[in-house]
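**Student:** From TrEMBL, here are the annotated features:
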BINDING   ASN90, TYR93, GLU94, CYS147, SER182, ASN230, ARG235, SER246, SER247, LYS248  Mo-molybdopterin binding site
DOMAIN    110-264  domain 'Oxidoreductase molybdopterin-binding'
Amino acid sequence: MWIRKRRGWEISESAATPEHVFRGRRRFLRGAAGLALAPALLACEKEAGAQGDGELAEVDPSAGLYPFERNARYELDRELTPEADATSYNNYYEFGTSKNIVKAAQKLPIRPWALTIEGMVEQPLTIDIDDLMKRMPLEERLYRHRCVEAWAMAVPWSGFPLAALVELAKPASDAKFLRFESFLMPEVADGQSEPWYPWPYVEGLTLAEATNELAFMVTGMYGKPAPKQNGAPLRLALPWKYGFKSSKGIQRIVFTAEQPVGLWQAIQGSEYGFYANVNPAFAHPRWSQESERLLGSGDRVPTQIYNGYGEFVAQLYPDQNDRRYFY
Ligand SMILES: Nc1nc2c(c(=O)[nH]1)N[C@H]1C(S)=C(S)[C@@H](COP(=O)(O)O)O[C@H]1N2
Ligand SMILES: [Mo]
């Protein structure tokens, strides 16, 4: 998502951090050990964590809830992206402008984590992430993800429909949009000391988009809590939109009558708009959107309108020839 100069995301995937080695080992330990061996697991995690500074040993209190039952309604037309690729090639400007931010992201404290819901709602609410998960209908979904930079992945996300959260919030009748605000912690997120970006990360949806069945709040991926670099403990998955709409590290949702201005839109509104629905027919001003590169295999495949999710969302947009819905 570069704006002015060429940035570090041009590095090859194989040059990205070997975090998956560490993760693979941790996964094995978790699976094999179970609760009785939790202290041993902790010890191992400490040891593993010591390999990279800032990687603190933390056992996610929600870990026991996983895996969630898969909702078979959402089918893929492609292989799942290998976990090691989806969790090591990341876009998270709070932690740097390269795709190699795994290590930096480990500094983010994800417990306790409160979500605040406010603005035009019946009852403003602040709720702890683990309490929220107890109240939400948890499930797993396989979704495609298409970054505006023309790379893509296919991920088993765990979470709950955003519509369930909207129902909990009870929006006022004149609320029209949701504004999602991510964390603001410049003391742990080095990228937030970069004054040129209008932190915190902000994105928005119309109420109709937010209550569309596809809009999904993510807490986990690959059958376990999401790693920090992928947006733990709470992010969005909006598979019909370019990836920048799917905010990570969400702390606040504001119901409003005004269309929110996203961080990228604020910086470069001619290139990154509010709707940002995937459409190969509308090129980005600086590159084509006709095809995408799959993380993992590196294969190039044609991009589909609404990223292939037209049957779910096309009715939300009155004109598929109007660029304003597609950047
Ligand atoms: N808070 C925050 N959320 C974010 C971003 C970001 O920089 N900060 N990048 C976005 C972009 S451009 C993409 S493609 C996805 C990447 O998610 P991933 O790292 O899990 O692949 O996160 C989106 N959400
Ligand atoms: Mo992206």
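Glycine residues also receive a Cβ, built from the backbone N, Cα and C atoms like all the rest.
In TrEMBL, annotation is done automatically, which means it is predicted and not curated.
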**Student:** In sequence order, what residues of the same chain, 6+ apart, have a Cβ less than 8 Å from the Cβ of SER182 (Mo-molybdopterin binding site)?
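**Tutor:** Result: GLU94, PRO200, TYR201, VAL202, SER247, LYS248, GLY249, ILE250, GLN251.
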**Student:** Within 10 Å of the Cβ of GLU94 (Mo-molybdopterin binding site), how many other Cβ atoms can be counted across all chains shown?
**Tutor:** 25
**Student:** On the 0 to 100 pLDDT scale, where does the domain 'Oxidoreductase molybdopterin-binding' (110-264) sit on average?
**Tutor:** 98
**Student:** Please list residues from the chain of ASN90 (Mo-molybdopterin binding site) whose Cβ is under 8 angstroms from its Cβ, counting only those at least six apart in sequence.
**Tutor:** LYS99, ASN100, ILE101, VAL102, ALA105, GLN229, ASN230
**Student:** Which residues in the same chain, at least 6 apart in sequence, have a Cβ under 8 Å from the Cβ of ARG235 (Mo-molybdopterin binding site)?
**Tutor:** MET217, VAL218, ALA226, SER246, SER247, LYS248, GLY249, ILE250
**Student:** According to DSSP, does ASN90 (Mo-molybdopterin binding site) fall in a helix, a strand, or coil?
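**Tutor:** Coil, per DSSP.
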